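A.B. asks: Below is the structure I would like to discuss, written out as structure tokens.
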Amino acid sequence: MEYWLPIIYMGIMGLALLIYVILDGYDLGVGMLVPLAGEAEKDMMIASIGPFWDANETWIVLGVGVLLIAFPTAHGIILTSLYLPVTIMLMGLILRGVAFDLRVKAGDHRRGLWNKAFFAGSLISSSAQGWMLGAYITGLQASTTSLLFSALIAMTLPALYLVLGCGWLLMKTDGELRNKAIGWARMAIWPMGLGLFMVSIATPLVSSTIAEKWFTLPNALYLMPIPMICLFCYGLIVAALNKPTMLDKNRSYLIYVSTVAICLMASLGLAYSLFPDIIIGGLTIWESAASVKSLQFTLVGVVITLPVILFYTYFVYRIFHGKATALSYE
Amino acid sequence: MDFDPFVLARIQFATNISFHILFPAISIGLAWILLFFRVRFTQTGEQAWEYAYLFWVKIFALTFAMGVVSGITMSFQFGTNWPGFMEKAGNVAGPLLGYEVLSAFFLEASFLGIMLFGKDRVSNRMHLISALLVALGTTLSAFWILSLNSWMQTPTGYYLENGVVMVDSWMEVIFNPSFPYRFFHMLIACLLTSAFLIAGVSAWRALRNVDGPATWKVMKTGVVIAAVLAPVQIFIGDLHGLNTLEHQPAKIAAMEAVWETEKGAPFTVFGLPDEASKSNRYAIEVPYAASLILTHDPMGEVKGLNEFEGEHPPVAIVFWSFRIMLAVGGLMLLVAWWAAWQLRNKNTATKPLLYSLAAMTFSGWVAVLAGWYVTEIGRQPWIVSGVLKVQDVVAEHSSATVGGTLFGYILLYGFLLASYIGALLNLSRKPAASLSLSAINAPQTVNKEV
């Protein structure tokens with residue numbers, strides 16, 4: 001138990017954060033795209049994420065919650081070292097979260113202001129998350145390289161969210177807006193590729209143990225599928241964006257699903273790199289784990305509720321499937 | 001001027017949690033009231049009930065969103081500002097917060113989507129179930145967080161191992177001695193807050209003749225809830241006080257500003273507690289009343305602050321918060337009964353009543369904040385009573401870092417609070433019908449599935 005429980009929790013935390021990225025990623029992405037769209041399109045875009053964003057955001061609460069429940073020591077260290085980016089992210093999330101409602105409820109003369117707040121909040125949160133990711137995978141060091149790297153990821157993670165957002169709009173909208181989404185994705189795909197590439201090469205450069213895990217035989221061979229699938233999906237996205245007919249006939253999901261596959265592979269790769277550390281080169285998951293009794297108590301709840309949560313999340317997406325309809329926040 | 005980062009961190013936490021609690025205090029009560037509107041509409045088919053629902057669900061959505069985003073801040077604050085709390089008490093706090101996320105947050109957030117936007121995509125029954133699940137979710141969330149808060153006040157079911165809290169019995173942790181009182185006190189506080197909000201906004205709408213029948217029904221609902229629950233709340237508050245006397249006598253001593261242990265202690269109606277001279281200046285006292293209220297015996301003994309030298313909370317702020325809560329609570333009872341009497345006997349509302357109700361719209365917020373200040377500041381200097389002190393768990397940030405972010409939060413929250421009330425005023429001017437057309441009619445599909 002003492003050996004397995006922290007591993008199980010590591011898995012749950014990874015899963016929660018992965019789901020967060022692929023779900024809240026698209027609605028943050030749509031938020032950043034709003035200024036590029038016309039007035040009616042803005043309403044449509046926000047309508048397409050309206051029923052979902054709240055639950056999407058809950059996944060980061062679960063992710064940080066599991067960190068807190070299972071690895072209290074690491075939770076303290078990570079969040080205190082990321083104090084400023086976390087605070088900035090929270091302010092961004094607050095701003096965009098209230099903007100959904102206030103842009104229609106605060107009165108017509110305030111709509112422009114709240115549209116801007118919605119955009120700014122989405123951008124600020126995405127960037128801050130990129131900064132946090134960059135700082136985390138360079139081992140939470142305060143070195144210049146680490147800062148530069150964090151800044152780079154802060155600029156490129158929003159691009160991943162933009163592609164997810166465009167992928168979402170391709171599935172949920174039609175006509176002119178859908179064409180625009182293809183155009184936006186064409187621009188976002190390159191910084192996204194750069195960001196992914198940088199994240200992939202950073203961990204082996206930061207830690208020689210991680211480099212050894214990846215670049216010795218036979219491990220390197222077994223791990224080949226991870227970069228291969230990433231490259232394949234990336235190529236698929238680029239191809240589809242250049243030849244939009246590939247997205248016709250119920251294949252609207254192609255961009256979104258491919259991006260999700262990339263996220264999945266990236267997180268598997270990251271998990272393999274990190275394990276068994278929770279702070280690279282600093283603390284293992286066992287060193288920072290909470291007491292077995294507390295972990296067991298919570299695990300009962302996780303085993304019962306997580307499948308139920310996944311089920312009704314699916315249920316909600318099922319209810320709102322298909323192209324978005326104009327819904328009224330007013 | 002040099003600020004102590006510890007004090008700044010406490011002010012920051014107080015700012016965040018004070019801002020946050022305003023919204024759950026409404027959404028927990030309003031969720032059940034909305035369910036009631038929906039059920040009444042289903043039973044009677046009266047359009048007024050539907051309008052009541054449609055109008056208030058808009059305000060609910062806004063309130064809920066404010067609660068969610070300010071709540072996310074809370075879950076990060078433990079780590080960014082109070083890492084020692086999780087390191088030392090994480091074995092209790094972690095699972096309780098975890099159960100809150102797992103059992104409540106996802107439930108309310110997911111079904112809220114259906115409740116707000118799914119009316120034309122699901123059956124009436126499924127829509128009702130969604131409203132029920134959202135209400136259940138908000139209440140479950142209160143259950144877990146109040147269990148944790150109560151455990152911090154009256155910890156049981158644990159033992160210490162190298163200074164780290166380990167759990168002995170989860171039943172004793174969850175159902176710790178102060179939990180049932182605090183839970184019901186808070187639930188009723190939420191219902192009262194919502195009741196005065198809906199009655200107040202409706203009174204304001206009635207003064208402007210917006211939505212006649214629906215406004216009337218909502219106002220009546222609010223008044224009835226308030227008139228029934230206000231006395232219940234006073235009764236539960238009394239029980240809660242007795243429980244606090246048993247488990248946290250230092251808090252009671254501060255609430256009553258009793259400096260020396262005495263039998264037949266007076267109740268100080270007004271006074272300026274002075275920690276330097278350990279006395280109350282300009283005190284107006286009711287003889288024996290504190291002993292009577294607290295021990296239900298005029299000659300009962302009330303422990304004074306002298307027994308907790310150096311380990312009692314700051315007196316003046318706890319003393320005054322308690323009195324503000326009592327005063328607002330008393331006022332709520334008076335207004336609620338006056339309104340109930342007038343609505344029942346005259347079946348109309350006079351202008352003075354409507355203005356009074358409108359003035360009381362946010363009275364719940366004042367009482368809730370004052371009550372929480374009593375209980376939280378009253379727990380100082382402990383973060384977990386008798387186990388862990390606040391000063392031992394704070395993160396080491398510079399005062400510039402904490403002060404800077406605190407300043408940012410205050411600006412943001414001030415702006416948001418103004419926007420929230422502004423939006424409420426803006427919505428209150430509009431009839432429900434003008435707000436809700438696209439939500440009532442079949443959805444206007446902009447682009448059909450190919």
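Glycine residues also receive a Cβ, built from the backbone N, Cα and C atoms like all the rest.
Keep in mind that what you see is a predicted model, and the values were worked out from it rather than measured.
Annotation comment: TrEMBL describes A:6-23, A:52-71, A:77-96, A:117-137, A:149-171, A:183-202, A:222-241, A:253-275, A:295-317 as transmembrane segment.
Any idea what these are sitting next to in the structure?
C.D. replies: Proximity of distant same-chain residues to the transmembrane segment (A:52-71), defined by a Cβ-Cβ separation under 8 Å and at least 6 residues beyond the stretch ends, is recorded for 5-6, 9-10, 12-13, 16-17, 19-20, 23-24, 27, 78-79, 93, 97, 100, 278, 285, 288-290, 294-295, 298, 313, 316-317, 320.
Remote same-chain partners of the transmembrane segment (A:77-96), defined as residues 6 or more beyond its termini with a Cβ less than 8 Å from a stretch Cβ, comprise 28, 31, 57, 64, 67, 117-118, 120-126, 128-129, 131-132, 135-136, 140, 279, 282-283.
Long-range neighbours of the transmembrane segment (A:117-137) within the same chain, counting only residues 6 or more positions beyond its ends whose Cβ lies under 8 Å from a Cβ of the stretch, are 28-32, 34-35, 46, 78, 81-82, 85-86, 88-89, 91-100, 102-103, 146, 149-158, 161, 195, 199, 202-203, 206, 270, 280.
Distant neighbours of the transmembrane segment (A:149-171): 21-22, 25-33, 45, 48-49, 123, 126-135, 138, 177-178, 181-182, 184-185, 188-192, 194-196, 198-199, 202, 237, 247, 252-260, 263; these residues of the same chain sit at least 6 beyond its ends, with a Cβ under 8 Å from one of its Cβ atoms.
Listed as Cβ neighbours of the transmembrane segment (A:253-275) (distance under 8 Å, sequence separation of 6 or more from its ends, same chain) are residues 10, 14, 17-18, 21-22, 25-26, 137, 160, 163-164, 166-168, 170-171, 185, 196, 199-200, 203-204, 210, 213-214, 223, 226-227, 229-230, 233-234, 236-237, 240-241, 246-247, 285.
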A.B. asks: In terms of Cβ proximity under 8 Å, which residues at least six beyond the ends of the transmembrane segment (A:222-241) contact it?
C.D. replies: 163, 182, 185-186, 189, 193, 196, 200, 214, 247, 254-255, 258-259, 261-262, 265-266, 268-269, 272
A.B. asks: Please indicate, using numbers and ranges, the residues of the same chain that are 6 or more beyond the transmembrane segment (A:295-317) and have a C-beta under 8 Å from a C-beta there.
C.D. replies: 1, 5-6, 8-9, 12, 51-52, 55, 69-70, 289
A.B. asks: Against which stretches of its own chain does the transmembrane segment (A:6-23) lie, if we need a Cβ under 8 Å and a gap of at least six residues from its ends?
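C.D. replies: For the transmembrane segment (A:6-23), the sequence-distant neighbours (Cβ-Cβ under 8 Å, at least 6 residues beyond its ends) are 52, 55-57, 59-60, 62-63, 66-67, 69-71, 160, 164, 259-260, 263-264, 267, 271, 275, 278, 285-286, 289, 295, 299, 302, 306.
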